[in-house]
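J.: Below is one structure. I have some questions about it.
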Amino acid sequence: MNLHGKLIFFVLGIFILLISGCATIQKNSYPSEEAYLMHLRSLIEQGENYYATGQFTQAVYTWEKALAEIDAQVYYEIYIKTLKQLASAYQTLGYVDPARRLFQKALPIIQESPDYFVNTLFYCSMADFYTAFRHAEKAQQALDLAIAQSRLSYHPQAKAIVQNNLGNFYAIKGDYNNALAAYEKSLGIITHSGENYEIISEILLNIVRVKVYRVFGKYQTGDYSDITDAFNRSYRAIRTLPEGYKKSARLISFSLLIHEFRRELNIAIRDLENTVSLIIKGEEFYYQGHLEHAVFNWEEALFILDTEKYIGIYIDTLLNLANVYQIFGNYENALSAYQKTIPLINKSSDRYRNARFFSQMGELYLFLENVKQGLMFLKKAVDEAQLVNNPQIMAQVLQKKGDGLTADRYFMGAMAAYEDSLDRIEELSQNSDIHVAALIENIRNQIKQVKKNLQQSIQQALVRFQSQNRQDVPYEDYADIIISLDDINQDIQTLLDLFKPAETEQTVKIYSQRIRKEIQTADDFLQPIAYHSLAQAKTIAKSLGNRRLLAHSHAALSDIYKENHRYNRAIDHMRQAVFYAQENNLTDILYRFQWKLARLFVLRNNNITNDSQKAIETYQMAIETLNPGDPPCIEKDPHTRNSRMSIYNVRKDLINAYPTGISFEKDIKPLYIERVGVLLSQAVHPDCPKKAKKKLTLKALDTLERLKLAEYKDYFNDECLGNNQSSLISMQCEKLATIDPKTAIIYPVFLKTKVVEIFITSDDIYLFQVQAKPEQLNETAQEFRQALENRYQELYRSYAGQLFTWLIRPMTDILQKKEIQTLLIVPDGVLRLIPFAAFYDGFDFLIKQYAIGYLPRLSGSPPQWLSRKMSIFFGRAVQNPKRYSTQTSC
């Protein structure tokens, strides 16, 4: 072998020795294996202490260091335990990519391990991570692996943890029934295997959570007591935990869940009472003969009533409404109402209500001469009525069945049905009062009287009978049948109408009272537990020195005081929460607490303490917490621009951290809009001086501009976007003075309950409230957009006229007075999708009256002419984009 070959083998040998030595270099740097293990345990415990005191970043750093030093092949169990803790900390902080890389790195080690119990814990941790971040497919794969490993381990705790994670997976998908089944199975396994209070308390808390979420907006009687019992079981389990971080955290979670449940209870009873009021008004109008008003109230009630929540009330009201439709001759609407009810009837176990429904629907089909369908539904009505021990409903159904058989010209069967119906009424009279017996006697007298008045009908029926060659029935029997069909039909209906109680009204009132009583019982039980839990959590957090838990416990107490309208105490506790979060730079929760504090100032609205101004300032603090700006080091070093940590821009990291519950539209945008709402409410106040009005409007514009910038950053996923635009409206209002005198700016603002337009000219600012609710304006704008896409019709003109009336007409006097020629629109929301140029005043389109332009925001870069050199470059780039494509960064 030549010298070159020997050199290569020598280098390879050295390389192999280095690789094999690297794995043990950390271990061999300690005098003994025991010292090495003590060092590892010390690091892991240090990380646990950091985590328990809320110092998550320090915990992450310490566990990462420990993980790098652990020999995973030798100390496999320690490695997996530390990995699980680190993954949990990553998840809490929202470090998605590091957590994903951590799991991927550990997978090869797990796949070679024979320790099925530890493997199960790893896959459960992995499934929990993917579940929390809505990666359903990967979560399912991890759960399948965890289930397979748990079967091999034969360890009850592993099986219980797997079922608990399976419940989490179902719960996040909204499959609460399967989630509850999984949690109950997990609880059963862990309870029989011994007392593990940490796992039991977690499972019981999950059971409470899923029971609460399962019935949100769908409460039925009995749900409240069931959920209250679940809260009680969970509370007892949490109290058995040793004093520490987990106990404090779970007590706070438990109290927050109580708060959420109580808030939903109040919403549920408020919605129910509104619906009850409409239904009872409809009943009153119906009995007074004002059928149009009855229809209006019942339609309104059905619109807001949750079919799943109050299925019985919904069906009764729909049946009453269909009955009035029939009276008006609006059979199409009546049939439509019945058809909408069929899926609900199929779910209903109330036989009485079902029989009534099928009976009325069958009657309608008979009236529409659809005998086949009518008889089908009448047969269903009889089947349902037979399951109810109620002669009244059976008599009514049999009477309708007689009608159907009559329409089908099966007279013998019809007669039998009518006679059976009369027997049921006689049975009813035996168990009722003298008044009913007198009514039946009156029916018999009416039958004799009506026979004299029905001779002509009998003769006509006889002609029809003979023409069809029905020789099997004697004339006398046929005449009696005809008389009985008409008389008994009419008299039974009269009896039922007189005897019929106001079912719907009584049912709704009783139902409402029963639910209110259950709510009050649940509230009386849960509220003291919530207070006690938070007091205990606060004490534990203080002993641990955990500022995060202290902040959360004060914030939760504030929420409870707010629900009870004790705003002074609520503000005191929320200020404490803000203090602890601010003191420890807990920016991910700080902005939320500042936001809540601002809302409390708005609710208290005390002029003596100047709450409006405090609210405005606190909203601004929350906005600044969300967007403190990128640090100078990131601006200078282009390689680190995209490696920004959460402390530099909380808003973006919140979106990344909590994709299951955080969204820009829901959790960030309303913060800006609420501040704008407070500012503009003060500006439009009649007592507000003109100078103060302009100042408040400029502040509102500044907030709106910041919102639009945040929206663009979120949309383009680019945090460097617009960072050089440091001066906004409130800081440089001379920008408005540069507006051309012939130009005006229209700036629509969608607030929570109204729409306001800020109208800006070169010398003044005006405010107009749009005479339409945000929902109305959104719906009209969307319909306008759809109508514009149909080139063969001019339906868009009506929408264009309505939008002109709402958005342009209020300012036409100013436009004419100032001789405005150009309108610049800064659209928001759905208004971004429609052309203002197509607005129509009844004579001309808006574009014929004004030049119209659009701005994404006021404080963006001003438009500039391109130089000749740049124009040539741009033109060539358009013709050959591949040649001129470059990677750009902010």
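Just so it is clear, glycine is given a Cβ too, placed from its N, Cα and C backbone atoms.
From a predicted model like this one, the values you see are computed outputs, not experimental measurements.
What TrEMBL records for this protein is below:
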REPEAT    160-193  repeat 'TPR'
REPEAT    315-348  repeat 'TPR'
COILED    440-471  coiled coil
DOMAIN    799-862  domain 'CHAT'
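Describe the structural context of each listed feature in the structure shown, including burial, neighbouring residues and relevant distances.
T.: Tertiary neighbourhood of the repeat 'TPR' (160-193): same-chain residues 120-121, 124, 127-128, 131-132, 134, 136, 139-140, 143, 146-147, 150, 199-200, 202-204, 206-207, 209-211, 213-214, 660, selected by CB-CB distance under 8 Å and a gap of 6+ residues from either end.
In the repeat 'TPR' (315-348), the DSSP tally of helix, strand and coil residues is 31 helix, 0 strand, 3 coil.
The average pLDDT computed over the coiled coil (440-471) stands at 46.
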J.: Apart from its near flanks, which chain residues at least 6 from the ends of the repeat 'TPR' (315-348) lie with a Cβ under 8 angstroms of it?
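T.: For the repeat 'TPR' (315-348), the list is 279, 282-283, 286, 291, 294-295, 298-299, 301-302, 305, 307, 354, 356-358, 360-361, 364, 367-368, 503-504, 507.
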J.: Looking only at the domain 'CHAT' (799-862), what are its DSSP counts of helix, strand and coil residues?
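T.: The breakdown for the domain 'CHAT' (799-862) reads 30 helix, 10 strand, 24 coil.
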J.: May I have the DSSP-based helix, strand and coil counts for the residues of the repeat 'TPR' (160-193)?
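T.: DSSP classes over the repeat 'TPR' (160-193) add up to 32 helix, 0 strand, 2 coil.
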